[in-house]
Amino acid sequence: MERKISRIHLASEPNIAHFLQVSWEKTLESGFVITFTDGHSAWTGTVSESEISQEADDMAMEKGKYVDELRKALVSGAGPADVYTFNFSKESCYFFFEKNLKDISFRLGSFNLEKVENPAEVIRELICYCLDTIAENQAKNEHLQKENERLLRDWNDVQGRFEKCVSAKEALETDLYKRFILVLNEKKTKIRSLHNKLLNTAQEREKDIKQEGETTICSEMTADRDPVYDESTDEESENQPDPSGSASAALSKDDSIISSLDVTDTAPSRKRRQRMQKNLGTEPKMAPQEHPLQEKEKVEQ
């Protein structure tokens, strides 16, 4: 059998503590036994399932909700102390309790009790139950305390291992990071050297292509200029003197002069001299041709 003992204060005697015991076999809904005492006298009564149903009908409440209200008021003591108000009449042995809302209160339940002839036995039973409950709760508390200590030791052990794992993880990460930095720097160095090599190769190739282009342009310009500049223009051919032609012309003129000197003329020498001077005056001056003329005269002598 389950039971619950609680301390209550009556509205008629708020300064005196009273004790209320509720016990039941299966569930509170199936019925329960109520015992009430002030420390000197005791009263008891049985509440059947039908009475509970009748009280629920009178309150116009569902039976399950009514049983929950009974549990809160008599067993669990849920809510503030001033929510439920208890009253008991020693003359009529009538026990009832009310529920207080904001501005109103309504009777939640009432029971007719009978006075116990030997209240000392009931009080002794209540005291024994309270002591047994205290001892049981103390044993549970000791067990829970030991369990908490064990869990705390396990927690400290786990925390220590966790800290070691964290330290090892950090050391491993540091080592891996250093290795990664070394590998990364080597890769960067290789990439940089390869980039510089490719850049130098590209620059040399560009320089070679530029030199080849300049050589090709120079050769093309030379090839284009050779047939043009080797030939003289009409103006240059007209302005440039022909040494061979002038020399032959001078020689022919000298021959004509010499031959004209050798020809016998029937005219007087004075006329001949005038004619010669006239012919000589009409000829252009050939200063540079005197030297070959003198050579020819020397040859004839």
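First residue shown is number 1, and so on along the chain.
Including glycine, each Cβ sits where the backbone N, Cα and C put it.
Bear in mind that TrEMBL entries carry predicted annotations, made automatically and left uncurated.
The annotation domain 'XRCC4 N-terminal' is assigned in TrEMBL to 18-113. In the domain 'XRCC4 N-terminal' (18-113), helix, strand and coil residues by DSSP number 27 helix, 42 strand, 27 coil.
Residue counts for the domain 'XRCC4 coiled-coil' (117-194) under DSSP (helix as H, G, I; strand as E, B; rest coil) come to 76 helix, 0 strand, 2 coil. Annotation source TrEMBL lists domain 'XRCC4 coiled-coil' at 117-194.
Feature annotation from TrEMBL assigns region 'Disordered' to 205-301.
Positions annotated as domain 'XRCC4 C-terminal' by TrEMBL: 223-300.
Per TrEMBL, the feature compositional bias 'Acidic residues' maps to 229-239.
Annotation comment: TrEMBL describes 244-262 as compositional bias 'Low complexity'.
The compositional bias 'Basic and acidic residues' annotation in TrEMBL covers 292-301.
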Per-region confidence, the domain 'XRCC4 coiled-coil' (117-194) (mean pLDDT, whole number): 92
